[in-house]
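Participant: Encoded as structure tokens, here's the structure I'll be asking about.
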């Protein structure tokens with residue numbers, strides 16, 4: 001899908017999705033007890049949107065949503081991590097294409113596919129991409145940013161694993177199953 | 001839940017008068033300069049200018065005080081973390097070691113480390129006033145128009161505009177849902193155990209997501225009916241035409257960016273080293 005063939009629905013999904021991302025990231029972050037580490041429910045939502053509306057919507061919701069969250073709450077944008085959000089939305093959307101959530105089936109097989117995809121994508125994103133960009137852009141000490149990335153990655157993987165799976169299962173139930181009609 | 005979000009503040013000032021696109025271009029160049037340089041002299045220079053612009057904008061520091069407090073706390077934490085993880089980073093960068101105080105093992109206080117952390121902090125102090133000003137002096141609908149003006153596809157710019165338009169609505173939805181779920185006895189506070197809290201959070205998120213998906217349906221149908229995306233271009237209600245002052249400020253911004261890059265990189269290192 002090229003930039004010019006973005007459907008209206010995708011555009012609106014990006015806009016509303018980014019707004020919901022901001023609200024979730026700002027208000028529904030559960031502190032874990034480890035300083036500076038919160039359970040970010042926004043990433044579970046991002047995974048859902050990436051699967052429902054595709055990789056472009058996923059990537060842009062991550063990018064715009066994270067940039068706006070940083071802007072309205074800190075006043076400045078931490079670009080290295082914003083790019084990681086873009087990466088995660090994009091690649092969860094890309095690799096989870098196989099999960100056709102619209103036909104209402106989200107069983108064991110889809111849950112496993114979804115979780116493998118999200119674990120791999122987030123591990124690369126938080127564990128590798130975020131620290132590398134931090135070192136490159138901000139010249140922060142490498143071991144500090146790698147620990148930060150690892151902790152954030154781990155908590156986000158668990159969050160998306162639990163909440164994301166619950167959300168997707170619930171969403172699938174609202175769709176009518178493709179095989180719900182039978183020929184008599 | 002009285003967490004405030006940063007938003008546009010109406011005022012009559014030279015900074016508000018500038019067109020959104022000009023401010024966006026300057027802001028991007030400004031953050032690029034601050035991001036790339038570690039040269040203390042340039043950082044100090046940029047810092048002084050950003051304070052001057054801040055005063056020019058007539059924004060009261062109290063109006064953004066809650067954000068500032070947040071940022072200061074974050075900076076403090078970040079500095080502590082940097083020191084704990086890498087007390088010798090400064091020595092590594094500047095190549096010399098002037099020990100002021102020994103604590104234990106590799107944890108000593110060196111002039112180099114202090115200088116390095118001072119620079120990191122200064123970097124934030126350069127970007128933050130500019131970013132804050134950009135947010136509080138640019139009207140959201142003008143912001144989308146300026147994104148389009150600097151070359152972002154108008155459909156993407158429209159998404160950003162939608163996001164900004166709907167943040168307050170979704171915040172209100174969120175509050176309603178959270179309160180009604182709490183009235184039903186679902187506890188979101190720290191009295192509940194972590195796993196239970198995660199589960200309880202889901203019971204707020206799910207209605208919020210489903211209502212937002214409905215919203216997407218309604219809005220996209222409306223836009224479809226009005227023929228959105230039919231033409232290659234679109235005009236913006238909030239767009240301001242460029243005036244002379246816009247061109248002048250962009251040129252000044254470019255000059256500052258180029259000058260700071262030249263000074264930073266002419267000796268082959270991002271860091272200004274006063275120790276040799």
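Glycine residues also receive a Cβ, built from the backbone N, Cα and C atoms like all the rest.
TrEMBL: automatically predicted annotations, no manual curation.
Note that the structure is a prediction, hence the values are computed from the model and not measured.
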Participant: So which range, B:20-36, B:88-104, gets flagged transmembrane segment in TrEMBL?
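Facilitator: Here TrEMBL associates transmembrane segment with the stretch B:20-36.
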Participant: Which stretch from B:20-36, B:42-59, B:66-85 shares the most C-beta pairs under 8 Å with the transmembrane segment (B:247-266)?
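Facilitator: Answer, by Cβ pair count: B:20-36.
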Participant: What residues in the same chain, six or more past the boundaries of the transmembrane segment (B:20-36), come closer than 8 Å to it by Cβ-Cβ distance?
Facilitator: 42-43, 46, 50, 123, 126-127, 130-131, 134, 137-139, 142-143, 145-147, 149-150, 238-240, 242, 246-247, 249-250, 253-254, 256-257, 260-261, 264, 270
